[in-house]
Amino acid sequence: MDNKILVGGLVVAIIIAILAPFLASSNPDGLESTAEKVINEEALHKNLQALGLEEEGTVAPSPMPDYSIEGMGKVGEVIAMIVGTLIMVALAYGVAIVLKKPSSN
Amino acid sequence: MHIPDGFLPLWESALFWIISLIFVAKSIMWAKNNLDEKSVPLFAALAAGIFAIQAMNMPIPWGTSGHMVGSALTAIVFDSPWAGILMLTLVLIVQGVFFADGGILAMGANIFNMGVVGAFVGYYVFKALKKSNVALASFLGGWSATFIAAIICAIELAIGGVFPIDKGLMYMGLYHFFIGIIEGIITAIVVAYLKSAKPELLKSLNTQ
């Protein structure tokens, strides 16, 4: 197994994770920007009511919403990104190990 | 391009969960038949990189930002759109469950747009063009994956009644025309890197 590529990829990902909170644009993304301009408030209100939500988001609470930790500012954002990257690599590695085709030896 | 909960009516969220789960099941079958042991570290490394770079929104014109999706890149690297679908499913689960990025109910639609549409469009655009120029094929694969996924997303939101079809298509298309350029550049850079450093891992260049 070529673990060099895993370590290399993880190092690059962690560097991005540390820099992202400082470099990321805080502007809304393409979908949010579109929504600001065109959303049908009446339809949105009806859908939110059906789900019992106050505003759009998610029906299940997340531990680190918007890649941040409450009250921890930029440090919390860096921690959230690093934690997320580690969860991601562990999940992807685990799923890939479980699902890979049986070795042919 | 993550649809939050509240944008889609419940029936539509449920419908896209059902559609996406069929594709996810097929992507699991792909892994069981095609994902070899050598590729596991690369799959995990790509997951980490895509997660990190997705979270970093990059500015585009009109006070808007955009982020990487990564299903086209994954499909190109593993020579199968099913790899991209599996990858985006895992990324969207982590984003939705831990970071409230995209709704839980809307996750089926998000897997469909960014995973299924992104992977199939990106992969087949790349495949059609790779013989003439790998870098250009990678760029256009990434660009078209993002652009078409955004168009499909606008149609879903119009079906759900929250976006008007004409303006929804216009703004989603316009913004993602530019966001797709970011996707295309990153896709081309990673493919070019793998081509020079780890050509044996870049499956789509090793098969005809």
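Glycine too: its Cβ is placed from the backbone N, Cα and C atoms.
Taken verbatim from TrEMBL:
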{"type": "TRANSMEM", "residues": "B:7-28", "note": "transmembrane segment"}
{"type": "TRANSMEM", "residues": "B:40-60", "note": "transmembrane segment"}
{"type": "TRANSMEM", "residues": "B:72-98", "note": "transmembrane segment"}
{"type": "TRANSMEM", "residues": "B:104-126", "note": "transmembrane segment"}
{"type": "TRANSMEM", "residues": "B:138-163", "note": "transmembrane segment"}
{"type": "TRANSMEM", "residues": "B:175-194", "note": "transmembrane segment"}
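Under 8 Å from some Cβ of the transmembrane segment (B:175-194) lie the Cβ atoms of residues 1, 49, 53, 58, 60-62, 64, 66-69, 72-73, 76-77, 122, 134-136, 138-147, 149-151, 201-202, all in the same chain and six or more residues away from its ends.
Residues 2, 20, 23-24, 26-31, 34-35, 39, 42-43, 46-47, 50-51, 54, 104, 107, 110-111, 114-116, 118-126, 138, 141-142, 144-146, 183, 186-187, 190-191, 194, 201-204, 206-207 of the same chain sit 6 or more residues outside the transmembrane segment (B:72-98) yet have a Cβ under 8 Å from a Cβ within it.
Counting same-chain residues at least six beyond the ends of the transmembrane segment (B:7-28), those with a Cβ under 8 angstroms from any Cβ of the stretch are 82-83, 85-86, 89, 103, 105-109, 111-112, 115-116, 156-157, 159-162.
Within the same chain, residues 66-70, 73-74, 77-78, 83, 87, 90-91, 94-95, 99, 101, 175, 178-179, 182, 186, 190, 198, 201 sit at least 6 positions outside the transmembrane segment (B:40-60) and bring their C-beta atoms closer than 8 Å to a C-beta of that stretch. Long-range contacts of the transmembrane segment (B:104-126) within the same chain, counting only residues at least 6 positions beyond its ends with a Cβ under 8 Å from a Cβ of the stretch, are 1-5, 7-8, 10, 12-21, 23-24, 69-76, 80-85, 87-89, 92-93, 96-97, 137-138, 140-142, 144-146, 148-150, 152-153, 156, 187, 204.
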